[in-house]
Amino acid sequence: SFPEQGLCSRRRDVRTVTPWLAPIVWEGTFDPFVIDNIYKPLNITVATTVFAVGKYTRFLKAFLVTAEKHYLVGFRVQYYIFTDQPHEVPKVPLGSGRNLTTIQVSKLDRWQEISLQRMGIILKTIEEQIHKEAQYIYCLDVDMLFHSRWGAEVFGDLVAAIHPGYYKVSRENFPYERRPASQANIPLDQGDFYYGGAVFGGLAENVYRLTRTCYRNILVDKANNIEAVWQEESHLNKYFIYNKPTTLLSPEYLWDDEKPQPQEIKLIRFSTVKKNYAEVRDN
Ligand SMILES: CC(=O)N[C@H]1[C@@H](OP(=O)(O)OP(=O)(O)OC[C@H]2O[C@@H](n3ccc(=O)[nH]c3=O)[C@H](O)[C@@H]2O)O[C@H](CO)[C@H](O)[C@@H]1O
Ligand SMILES: [Mn+2]
């Protein structure tokens, strides 16, 4: 049965479409049953990359336990856990059609390097295996918990999440990389949104192109001895200026527990756990 169209609550308190007509997904803008009925029959497999290097292995258990409750429930999900300590990957019971692969990566000294190298490793893994087994891929931070539905409404060709700290901020105040010497630089009069590095995804072939471009630019920066102000997040934001995301996730999909919950955030779906940076990072 189709829901009462006229009664569907439309959000007037937030922007729900971009200037290039991509939806911005907020609670109240979609019907979960309608969306599920579109995607469930398609037999989609979703690759999900998660890095847990050094002390960040401690976040894996709660991440996976809550993902099994809320993350693309009812879909085939293939988790890829990248870690320097495979024995620290917890054995969390997974729903049917859901699997986990652990891939060993080396430990880098600086957290900035760990964060940056994700682009190169995701690129290689899409090339070597993900393209054969999954149509969609989502790349997520590990220091996060799912709190409510993170469902098929996130499917899109190229998907970005609006950073919870900047959705009410005007573009000249976005923390984009501004130094012309970096490949990630964005002039003051450009940019649409400030996207978070903790969530991006879409069709595997699109994320392949995204990681290839970002990784190349990261290598150019490295050769020029410059590191973008927010590492791969800066390069991601640059990419999305020229390759507009086709679906934007509202900050419901990338929240931060340090923030009070404002009126327009009807539910928090995925949120950064409070962490002691000095304790979990080596530098
Ligand atoms: C909400 C959001 O958009 N967060 C972004 C932000 O800060 P964050 O403070 O969220 O960065 P972070 O410390 O969570 O690091 C990003 C991710 O890298 C991995 N990791 C990092 C360090 C480490 O020692 N071991 C390890 O495994 C882990 O998966 C972690 O979730 O800026 C980072 C880059 O500067 C990334 O763009 C993050 O995605
Ligand atoms: Mn994080």
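Yeah, the Cβs are placed from backbone N, Cα and C, and that goes for glycine too.
All annotation found in TrEMBL is predicted automatically rather than curated by experts.
Noted in TrEMBL for the protein shown:
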ACT_SITE  GLU233  active site, nucleophile
BINDING   PHE51, ALA52, VAL53, TYR56, ASP141, VAL142, ASP143  UDP-N-acetyl-alpha-D-galactosamine binding site
BINDING   ASP141, ASP143  Mn(2+) binding site
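Only ASP143, of the binding-site residues TYR56, VAL142, ASP143, place a Cβ under 6 Å from an atom of ligand 2. Remark: VAL53 (UDP-N-acetyl-alpha-D-galactosamine binding site) has PHE82, THR83, ASP84, VAL105, LYS107, LEU108, ILE114 as non-local neighbours, by Cβ distance under 8 Å and separation of at least 6 in sequence. Each residue in VAL50, THR57, PHE59, LEU60 lies on the same chain as PHE51, ALA52, VAL53, TYR56, ASP141, VAL142, ASP143 and has a C-beta within 8 Å of the C-beta centroid of that UDP-N-acetyl-alpha-D-galactosamine site, without being one of the site residues. Take the Cα of GLU233 (active site, nucleophile) and measure to each of the binding-site residues PHE51, ALA52, TYR56, ASP141, VAL142: the nearest one is ASP141. The number of other Cβ atoms within 10 Å of the Cβ belonging to ASP141 (UDP-N-acetyl-alpha-D-galactosamine binding site), over all protein chains shown, comes to 19. Largest Cα to Cα distance within the recorded UDP-N-acetyl-alpha-D-galactosamine binders PHE51, ALA52, VAL53, TYR56, ASP141, VAL142, ASP143: about 11 Å as a whole number. Residues within less than 8 Å, Cβ to Cβ, of VAL142 (UDP-N-acetyl-alpha-D-galactosamine binding site) and separated from it by at least 6 positions along the same chain comprise VAL50, PHE51, ALA52, TYR56, PHE59, LEU60, PHE63. Sorting the recorded positions ASP143, GLU233 by the number of other Cβ atoms within 10 Å puts GLU233 first. ALA52 (UDP-N-acetyl-alpha-D-galactosamine binding site) is surrounded by 23 other CB atoms, counting those within 10 A of its CB over all protein chains shown. Its Cβ placed at the centre, TYR56 (UDP-N-acetyl-alpha-D-galactosamine binding site) has 23 other Cβ atoms within 10 Å. Neighbours of PHE51 (UDP-N-acetyl-alpha-D-galactosamine binding site), defined as other CB atoms within 10 A of its CB across all chains, total 22.
In the three-state DSSP scheme, PHE51 (UDP-N-acetyl-alpha-D-galactosamine binding site) falls into the strand class.
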